[in-house]
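A quick write-up on the structure given underneath.
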């Protein structure tokens with residue numbers, strides 16, 4: 001598995017190097033091939049590192065975390081996300097103290113745009129069609145069907161409209177009864193409508209069953225009838241379901257799921273941050289004694305042997321070029337990803353910049369390996385490169401994006417913003 005942290009760090013360092021902290025350059029205006037000559041200094045101390053490989057690895061890790069195989073190809077027309085999904089994103093983006101019940105939230109819209117409701121003896125039927133696809137490794141926490149009810153009544157006479165709503169699943173016919181429809185009741189409830197508004201129905205069990213079946217296309221039917229079995233009197237008011245695709249009240253199927261990968265991702269990120277410490281250059285330096293046995297004593301001995309050479313370097317470090325976190329704003333439009341990333345338009349990712357010369361400051365939390373590496377480099381720069389200024393603590397961001405036309409919200413996309421830097 002590629003190193004997400006290292007590739008992100010490499011990309012951020014490159015962007016800052018080219019634009020000096022400004023938003024990412026327009027890749028179309030500056031082809032990668034033309035700029036490769038500028039990158040030599042950035043990776044001069046990392047033998048065998050190919051920049052194109054780093055960029056591709058970063059892209060692959062980003063898409064993998066979002067369960068995408070490639071950058072989604074979207075229609076040129078701008079997709080208007082459901083108001084509910086925008087409200088959801090804005091709520092958790094502004095209120096850091098709250099969190100959703102699941103890490104991933106998908107909204108599936110009604111695909112049946114041509115069928116009309118049917119009325120018979122006070123019963124109104126609304127056909128709905130959803131294409132639902134949930135990865136098998138995810139756990140469905142909750143699912144709900146959101147319907148916008150249209151209440152029509154004489155406000156001078158009636159306080160509200162009293163109706164019973166039943167949600168059916170239309171099952172596939174088997175055997176010789178292909179012409180017959182089998183209906184399964186998913187949920188039923190009573191509504192006293194006074195104003196047009198959203199109503200929510202729990203369909204969690206059905207979505208879990210759909211996920212296991214592997215089938216993506218599912219048909220529902222909404223029945224609305226009077227509570228007292230009398231024929232609906234238009235003069236007493238009506239309650240309907242808004243199924244029009246021309247507005248923002250189209251029926252929605254909202255699925256809350258958890259990929260259960262947050263803990264695993266955090267552990268992998270920590271491992272990735274130190275994986276580059278296994279440098280082949282150190283294998284030939286005869287430093288085995290530092291990793292086993294009296295490591296502290298050996299470290300002190302090496303320090304005393306080369307401390308005389310550090311005075312001038314310490315003066316240079318005091319000029320403020322030491323390893324630290326610096327601003328780096330990522331603009332999704334600049335890199336052409338605004339066609340499928342709905343929100344945010346960009347974010348402050350930060351980056352780690354500066355040198356890790358000896359002596360390594362305590363606030364940079366250097367590992368023993370980093371200290372040894374810095375000492376070896378101080379003694380002979382040809383044998384080992386300097387310790388690297390890298391992220392040691394990362395924070396997630398929330399993202400609202402399109403996945404094959406499905407508006408999807410991910411509360412925690414791990415490892416996207418640097419919160420602390422150190423020498424490794």
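For all residues, glycine too, the Cβ spot is worked out from N, Cα and C.
Because the structure is a prediction, the values reported are computed rather than measured.
In the three-state DSSP classification, residue 323 (disulfide bond) falls within coil. For 323-389 (among others), the entry in Swiss-Prot reads disulfide bond, with the evidence type similarity to another entry.
The disulfide bond annotation in Swiss-Prot covers 352-421 (among others). Neighbour count (other Cβ atoms within 10 Å of the Cβ, all protein chains): 26 for residue 352 (disulfide bond).
Residues or ranges marked as disulfide bond in Swiss-Prot (evidence: similarity to another entry): 356-423 (among others).
Annotation source Swiss-Prot lists N-linked glycosylation site at 67 (among others), citing sequence analysis.
DSSP assigns residue 131 (N-linked glycosylation site) to a strand. Spatially close to residue 131 (N-linked glycosylation site) yet at least six residues away along the chain are 108, 111, 216, 217, 218, judged by Cβ distances under 8 angstroms. Feature annotation from Swiss-Prot assigns N-linked glycosylation site to 131 (among others).
Feature annotation from Swiss-Prot assigns signal peptide to 1-21; the stated evidence is sequence analysis.
Non-local contacts of residue 389 (disulfide bond) by the CB criterion (under 8 A, 6+ apart in sequence, same chain) comprise 323, 324, 352, 353, 354, 355, 356, 421, 422, 423.
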